[in-house]
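Undergrad: As listed in Swiss-Prot for this protein:
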- 1-21: transmembrane segment (TRANSMEM)
- 89-142: region 'Disordered' (REGION)
- 121-140: compositional bias 'Acidic residues' (COMPBIAS)
- 281-318: region 'Disordered' (REGION)
- 298-307: compositional bias 'Polar residues' (COMPBIAS)
- 497-525: region 'Disordered' (REGION)
- 662-871: domain 'FtsK' (DOMAIN)
- G682, S683, G684, K685, S686, V687: ATP binding site (BINDING)
Amino acid sequence: MFWIVLIVILLLALAGLFFVRAQSEREWMREVSAWQEKKGEKQAELPEIKDGMPDFPELALMLFHAVKTAVYWLFVGVVRFCRNYLAHESEPDRPVPPASANRADVPTASDGYSDSGNGTEEAETEEAEAAEEEAADTEDIATAVIDNRRIPFDRSIAEGLMPSESEISPVRPVFKEITLEEATRALNSAALRETKKRYIDAFEKNETAVPKVRVSDTPMEGLQIIGLDDPVLQRTYSHMFDADKEAFSESADYGFEPYFEKQHPSAFSAVKAENARNAPFHRHAGQGKGQAEAKSPDVSQGQSVSDGTAVRDARRRVSVNLKEPNKATVSAEARISRLIPESQTVVGKRDVEMPSETENVFTETVSSVGYGGPVYDETADIHIEEPAAPDAWVVEPPEVPKVPMTAIDIQPPPPVSEIYNRTYEPPSGFEQVQRSRIAETDHLADDVLNGGWQEETAAIADDGSEGAAERSSGQYLSETEAFGHDSQAVCPFENVPSERPSCRVSDTEADEGAFPSEETGAVSEHLPTTDLLLPPLFNPEATQTEEELLENSITIEEKLAEFKVKVKVVDSYSGPVITRYEIEPDVGVRGNSVLNLEKDLARSLGVASIRVVETIPGKTCMGLELPNPKRQMIRLSEIFNSPEFAESKSKLTLALGQDITGQPVVTDLGKAPHLLVAGTTGSGKSVGVNAMILSMLFKAAPEDVRMIMIDPKMLELSIYEGIPHLLAPVVTDMKLAANALNWCVNEMEKRYRLMSFMGVRNLAGFNQKIAEAAARGEKIGNPFSLTPDDPEPLEKLPFIVVVVDEFADLMMTAGKKIEELIARLAQKARAAGIHLILATQRPSVDVITGLIKANIPTRIAFQVSSKIDSRTILDQMGAENLLGQGDMLFLLPGTAYPQRVHGAFASDEEVHRVVEYLKQFGEPDYVDDILSGGGSEELPGIGRSGDDETDPMYDEAVSVVLKTRKASISGVQRALRIGYNRAARLIDQMEAEGIVSAPEHNGNRTILVPLDNA
């Protein structure tokens, strides 16, 4: 019946499979015919069909594989079942073969080890057959157990369960060597597995935990209660107490000694102040050494322990005495002798009354465990006799009577009129001498010499205030406010370190006839103040908080990580315009990788530009300079009020602005010694030059610093026209500018000759020599005077600063000659006190040549348009990433790392105020030769400027021209046998000397020297 059902199932499965296949083929043919009708194509154009139809659909394939798998496993199961069933039915009483017979053909372990190389295939075959036989036997036994059939006991079966000879072979197995840590870990793992298995078995068997038995507090009924008076208990207690008496006394001593020390302080010796101060330190140090050492009385008193055994014995004696309740009074001396060593001295002997037996605080009780000992009773009262009153009392000193202060009679100061009425009448002829030496433009000195100061001081005395009078000439300050006075000499020029003599001296000096010979300038102390400038301006919204800096630091790290550049922001500095973040690249990250991401990082952070500082001097990190969302306005008054500018003693101090942290930046032009400023239009170049000029005007008087200004644009520097610091009017014509530079070269040569004669190395040494001679009342004559018999005296030489606003226009006008003059001044003019400030908006190589750059090491670069311009100015990149509006890079001489500075803003209103303030103190003293150029009409600076050496054949050429009466280049060339260029220069020199005229329209020249003079 079973076989019939199985066959029917197989047939149905096959029929279903064929039905699905036929159905799929029918559907496929229907789709093909529909496709043919739609496309209208021929049968030949259809794709080829394999086996009449395409592949099965997915559902058919899945069904086919499922049926195939089911049929396979069903067939395997039926075959196994039939085999087992037929085997048991055919041989129900088949005896189990002996195990020894089955193992006879199986090779042992020793056989395998001995003959491992021979007969490998035979051994494998025998092992396979033996394994099949054992499997069959085991299966028979298992089948018998399942069928509940008893198997008769057979010794062969028992022998089969015993270990074989190969298993108890003397051959040692090969063990794996492991470490102790691995073995411990394996044992722990095995223990955990065993515990887990035990708990799992208990859970599967539904084992319940044994309930805990609650112990009753009351004894069971019928038991005998043993009290404290039981003889056995008392005997046991006595033996235990005697055995532990020594240990207990020592432990009790440790517990009661602090109480004894606290309640009976008079029982100890006197404690020194030093020991009392050291006691807390000893107690703190003793906490880690045990309770006994920390609580000992000698440590409490700040004393060192020298003999530990003696102290321990003393403790034991004290503990024994404390347990004797019959003693009511204990001698203090005896107790102290037991507590401290014999070497200690005892100060004071008084008896301390101990409490009685009923009030004994050390009561003996028996504990619940049968151990007794003294226990401290907190409820007991303690009575200690008060110490005796001291023999001497501290007596306060008697009160000091108050002594009334004696009245001091101070004479009132004399009235102002008495001070100002002390006048001095100069000797005869003094006024004429002074008038000849003082310039006519010095109105202040004229007023003083004419006696105008007496009228003003009298008006001040009548009014009663020093600042009440004003000059009738319209000056801002009065005489007394500008110059000051004292009780010994009243002179408006008293504190003025200048070259001109003071107009009034004290009476003593007048009697002695001590008149300073050095001239003093009246305007030396008329320096402008910061009141003329706009006050500082601070915008609190432009400051960045710590949270914003931290957020930007995290953003920088994340954005650089996106470009596979790992860095860490270590610090940040927030300034008025930018914020610098110092980053430390990770190990293996090059600095160029951060530099190449400059524009990408700026775009990612949403800022206009980022400047990457590859090297920060003194640090091991790089720098990222990001612009602030809002920038601060830096006023010029903020820099002038700073200590850096105020404490600078140089007359050529330049205020540049603030650095990235907001600190003022000032420099000394005398140490520069020349300055090159370059930047595009609108970068703040002209404003920076104005700030530098105002810095020198605020620091130096006209007798200290003189200026020559060249302004091709006629707008920037023309505002300074008329200030007393100018040597010449502001030059706006470039042809005259070359003359000014030529005069500077001649002045430089003149000063070098004077310094060589004086034996000094710079201008400061020369001026010091002049000042020392004037202090001695001597005068130094000019060694190069045109009148050697009566030479004019040498005077103090001021610094000369040449400011050129647009250097490129000057280079285009004069060209090569201007470059030579600038190079000569840059090379040699430093020691002569002549300094250059060159500014240009076209930083190209034809303007800033290599010769100029080599001699001007100090440079300032404002914002430029390209990296090439930045390299032209600074010899490195970075200026193209500046922000404009005064943002600059300042390169100091001798350094390769420029400093970023934010320039101070000088408005036109501030410049006008300072100029008007300076104009009121006098007209400038111009030098006419600066712009005239000696009256020559040719290109200034090109004719004879600098040609101090005359051609040795010049006289012969003049003689030839005068004899022949022909001024031709070819005639001079033939007569002197020289080249054309040299002959042409000689003719040009004759024209400059006025010997021949300029060439006419036909090229002929007329000899201007008469024949008689020839």
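For all residues, glycine too, the Cβ spot is worked out from N, Cα and C.
Describe the structural context of each listed feature in the structure shown, including burial, neighbouring residues and relevant distances.
TA: The Cβ of G684 (ATP binding site) lies under 8 Å from the Cβ of F862, Q863, G884, Q885, G886, D887, M888, G903, each of these being in the same chain and 6 or more residues away along the sequence.
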Undergrad: Write out, in the order they occur in the sequence, the residues of the chain not among G682, S683, G684, K685, S686, V687 that have a C-beta within 8 Å of the mean position of the C-beta atoms of the recorded ATP site.
TA: G679, T681, G688, F862, G884, Q885, G886
Undergrad: Tell me which residues of the chain lie with their Cβ under 8 angstroms from that of G682 (ATP binding site), as long as they are six or more apart in sequence?
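TA: Correct list: G884, Q885.
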Undergrad: Express the predicted model's confidence over the domain 'FtsK' (662-871) as a mean pLDDT, rounded to an integer.
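TA: 89, rounded to a whole number.
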Undergrad: What are the sequence-distant neighbours of S683 (ATP binding site), meaning same chain, six or more residues apart, C-beta distance under 8 angstroms?
TA: F862, Q863, V864, L882, G884, Q885, G886, D887
Undergrad: Going by DSSP, give the three-state secondary structure for G684 (ATP binding site).
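TA: Where G684 (ATP binding site) sits, the three-state DSSP reduction gives coil.
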